[in-house]
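Structure record follows, encoded as structure tokens.
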Amino acid sequence: MASDNSTVHLVEHPLVQHKITLMRRKDASTNTFRRLVHEVSALMAYEVLRDVATHEVDVDTPLERTTGRVIDGKKLVFASILRAGTGILDGMLEVVPSARVGHIGLYRDPKTLVVVEYYFKMPADLPDRDVIVVDPMLATGHSAVAALDRIAEHRPKSLKFVCLVSCPEGLAALARAHPDVPVYTAAIDRQLDEHGYILPGLGDAGDRIFGTK
Ligand code: URA
């Protein structure tokens, strides 16, 4: 069972589960769905960044000087798989506004079914940065594996993958290709259908975020 894999973190916080359930409703409007993606992504960021490095700084309160801990947001990269990853990206940037952003665009050639990259732009110096790859749906895993393959070529300091809904097929594909990459997901659904949609899932995340259907 994919969830037995120690690199898979199922985020079971009640607020996350509540929002995922609302997102599944077929009658949720584009506005509602997009807002929920932002909110749940911000909540996921708390879990994903639980082990992010902090350093000590001096801080003057109105009463005296003390020390506190801060993260170095500039060392974080949120890498969005276009186009649906944009929804998670926006939610995570609300929590870590200083993070850097990368984009990777992929499509599946309808004839060969091979994943083709049409866009790739990442911040420089990835060996100094922790990269968090985001895409709402981990379905077949083909795009996630292709994105991780490509980003791994740049030797980031660390690599994580975040999705909202996954399925056993996608988790297995990711575990085979990138066994060391931790995966964060808010749901592990039953299966893929014959068109590559997750069941029960929430439909096409990109269309629902952007209102394109
Ligand atoms: N992509 C989606 O947006 N939804 C699915 O169910 C599978 C892939």
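From the backbone N, Cα and C atoms, a Cβ is placed for every residue, glycine too.
When Arg50, Arg65, Arg108 are compared with the 5-phospho-alpha-D-ribose 1-diphosphate site residues Arg83, Asp135, Pro136, Met137, Leu138, Ala139, Thr140, Gly141, His142, Ser143, Asp204 in TrEMBL, the one appearing in that site is Arg108.
A 10 Å cutoff on Cβ-Cβ distances gives Gly141 (5-phospho-alpha-D-ribose 1-diphosphate binding site) a total of 25 other Cβ atoms nearby, all chains included. Summarising the environment of Arg83 (5-phospho-alpha-D-ribose 1-diphosphate binding site), the number of other Cβ atoms within 10 Å of its Cβ, over all protein chains shown, is 16. Contact annotation for binding-site residues (Ala139, Ser143, Ile198, Asp204) versus ligand 1: Ala139, Ile198, Asp204, each with CB under 6 Å from a ligand atom. Of the recorded residues, Gly203 (uracil binding site) and Ala139 (5-phospho-alpha-D-ribose 1-diphosphate binding site) place their C-alpha atoms 11 Å from one another.
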